[in-house]
Structure formats: C-alpha cells, structure tokens
Amino acid sequence: MKAAISLLLLSALLFVVIEAITYEEGKELFQGERTDCVGDGQRCADWAGPYCCSGYYCSCRSMPYCRCRSDSGK
C-alpha cells in the first residue's frame, strides 16, 4: 500500500514539473512572437496588440486609452 501511494505521489510530482516546464517554454515562444511591442507610455491593447515589451504591462485607466507602464512601478 505504501509503495502504491509513493508511486502515485511521485507521478503527480513529475506531472506538475513537466507541466511547469511546458508552460514556461510556451510562454517564451509566445513572447518571442510579439515583434510589434511598444515601450513606456505608448498605446497598447493586450487583447489585440500592439503589446507592451518585456518589463512593461498594459494599464487601462480609461478605455480605449491604454498605456504601457513599467513593471517596477506597480
């Protein structure tokens, strides 16, 4: 019984690690496809582009006037 539980826990842990790696790789690929990124203070739209470059996030205080803001200033 202990062996079965240990095997089950090991399998679950292995699955979580593999999924985390797959998610990070997919995220990197998606970021690589974002060639039309804009920087600080420029207009952006997370749902359709242009997207904010790495280190920025799209802040929409009043639609449709969304602007890229620095991640460090959150």
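Heads up, the Cβ atoms here are built off N, Cα and C, so glycines get one too.
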Bond partner of CYS66 - disulfide, per Swiss-Prot - picked from CYS53, CYS60: CYS60
Cysteine paired with CYS37, where Swiss-Prot records a disulfide bond, from CYS44, CYS53: CYS53
Spatial separation of CYS44 (disulfide bond) from CYS60 (disulfide bond) - C-alpha basis, Å: 9
Listed recorded positions CYS37, CYS52, CYS68, SER72, filtered to Cα within 10 Å of CYS58 (disulfide bond): CYS52, CYS68
